[in-house]
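S.K.: Take a look at what Swiss-Prot says about it:
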{"type": "ACT_SITE", "residues": "THR40", "note": "active site, charge relay system"}
{"type": "ACT_SITE", "residues": "HIS43", "note": "active site, charge relay system"}
{"type": "BINDING", "residues": "CYS38, HIS63, GLU64", "note": "Zn(2+) 1 binding site"}
{"type": "BINDING", "residues": "CYS93, CYS96, CYS99, CYS107", "note": "Zn(2+) 2 binding site"}
{"type": "BINDING", "residues": "ILE175, ASP195, ARG200, LEU262, GLY263, ILE264, ILE286, TYR287", "note": "NAD(+) binding site"}
Amino acid sequence: MKALSKLKPEEGIWMVDAPKPEVGHNDLLIKIRKTAICGTDVHIYNWDEWSQNTIPVPMVVGHEYVGEVVEIGQEVRGFQIGDRVSGEGHITCGHCRNCRAGRTHLCRNTSGVGVNREGAFAEYLVIPAFNAFKIPDDISDDLASIFDPFGNAVHTALSFDLVGEDVLITGAGPIGIMAAAVCRHVGARHVVITDVNEYRLELAKKMGATRAVNVAKEKLEDVMQDLGMTEGFDVGLEMSGVPAAFHSMLDTMNHGGKIAMLGIPGGDMAIDWSKVIFKGLIIKGIYGREMFETWYKMASLIQSGLDISPIITHHYNVDDFQAGFDAMRSGQSGKVILSWD
């Protein structure tokens, strides 16, 4: 089958002819329709330090997808041939304390699709049936293919009460932008997003951000004053992994504020802990999606009118995958979709 693989320990992704995966007793075989390129895939393409320490070579990559069930393991129940599915990319062990307590998103033995095991950038993918999520008929393939990063946005944004609150989002990547849309949809008052990428700040405006602030040109404190904010932000969503952005968030949070952190710093990050202590801040780390509450929330949000389609800015056939990766690496894109049909 046709697949995109990290074939060599160097910069790049390669089209290969890979063997069709075998279906286990508890698995589904999915014929891939569309995939989306994730920031993780860009890290793997670039072969940065994280990738060198994490990714076995060769490896079929990719974990954002939608497809159709074409074969079902003999012990699987609840799925039929032809079901349209996406799936949770974190394969969990089922036997650790958190898995047995129903907190599978906190499994300490997680294996990642397209990271630790063969991925979705292929004509066919095998995953455990437990990880598959049926896509409602009124949700398009395009939207279903980005449910994985949308889930990161939903998990982060819905960590705390948002109704009537003022929200600061640091980092206008696709996940941060989708989080801004979620916050506005569920009733936040002001949603301010910061970055230095003008293209993505404009996307954030289209997705409903109250203000999209280029911190290289504008002071966050001035924006707060313009909005009539006198006490700071109630909720912070840190999506950038940039220390300066997190420091700015700590400076502008209200006392008793709550922060959800999804962005991963490049290394050790020192902060002024006295601000956390004296402001009484709550900080929550976010990894992946809650299984499967986040997935149900995603579908329900879209069905209730949330429009995240503007975040999809580029479409390519998989044969033109290089153009898709070039678009993602440029930073001048939202989500990039590859069609496998």
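All positions are counted from 1 along the displayed chain.
Glycine is no exception: its Cβ is also placed from the backbone N, Cα and C atoms.
How buried are the listed features, and what sits near them?
M.R.: Within the same chain, residues at least 6 positions away in sequence whose Cβ sits under 8 Å from that of THR40 (active site, charge relay system) are HIS63, GLY114, VAL115.
Same-chain residues at least 6 positions away in sequence with a Cβ under 8 Å from that of HIS43 (active site, charge relay system) are, in sequence order, TRP50, SER51. In this structure, HIS43 (active site, charge relay system) is part of a helix by DSSP.
CYS38 (Zn(2+) 1 binding site) falls outside any helix or strand according to DSSP and counts as coil. Counting Cβ atoms from all protein chains shown, CYS38 (Zn(2+) 1 binding site) has 24 others lying within 10 Å of its own Cβ.
CYS99 (Zn(2+) 2 binding site) falls within a helical segment according to DSSP.
Cβ neighbours of ILE264 (NAD(+) binding site) (same chain, under 8 Å, six or more residues apart in sequence): GLY241. Taken residue by residue with DSSP, ILE264 (NAD(+) binding site) is part of neither helix nor strand, so it is coil.
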S.K.: Find, among the binding-site residues listed as GLU64, ASP195, the one whose Cβ has the highest number of other Cβ atoms within 10 Å in the structure shown.
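M.R.: Top count of Cβ atoms within 10 Å goes to GLU64.
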S.K.: What does the structure give for the C-alpha distance between TYR287 (NAD(+) binding site) and GLU64 (Zn(2+) 1 binding site)? Integer Å is fine.
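M.R.: Cα-Cα distance, TYR287 (NAD(+) binding site) to GLU64 (Zn(2+) 1 binding site): 16 Å.
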S.K.: What does DSSP say about ASP195 (NAD(+) binding site): helix, strand or coil?
M.R.: strand
S.K.: Near GLU64 (Zn(2+) 1 binding site), meaning Cα within 10 Å, which of CYS107, ASP195, GLY263 (binding-site residues)?
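M.R.: The binding-site residues passing the 10 Å Cα test: none.
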S.K.: Counting all other Cβ atoms within 10 Å across every protein chain shown, which of the binding-site residues CYS96, CYS99 scores highest?
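M.R.: In terms of Cβ crowding, the pick is CYS99.
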S.K.: Where among the binding-site residues CYS93, CYS107, ILE175, LEU262, ILE286 do you find the Cβ with the fewest other Cβ atoms within 10 Å?
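M.R.: CYS93, out of the binding-site residues CYS93, CYS107, ILE175, LEU262, ILE286, has the fewest neighbouring Cβ atoms within 10 Å.
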S.K.: DSSP secondary structure for TYR287 (NAD(+) binding site), reduced to helix/strand/coil, please.
M.R.: coil
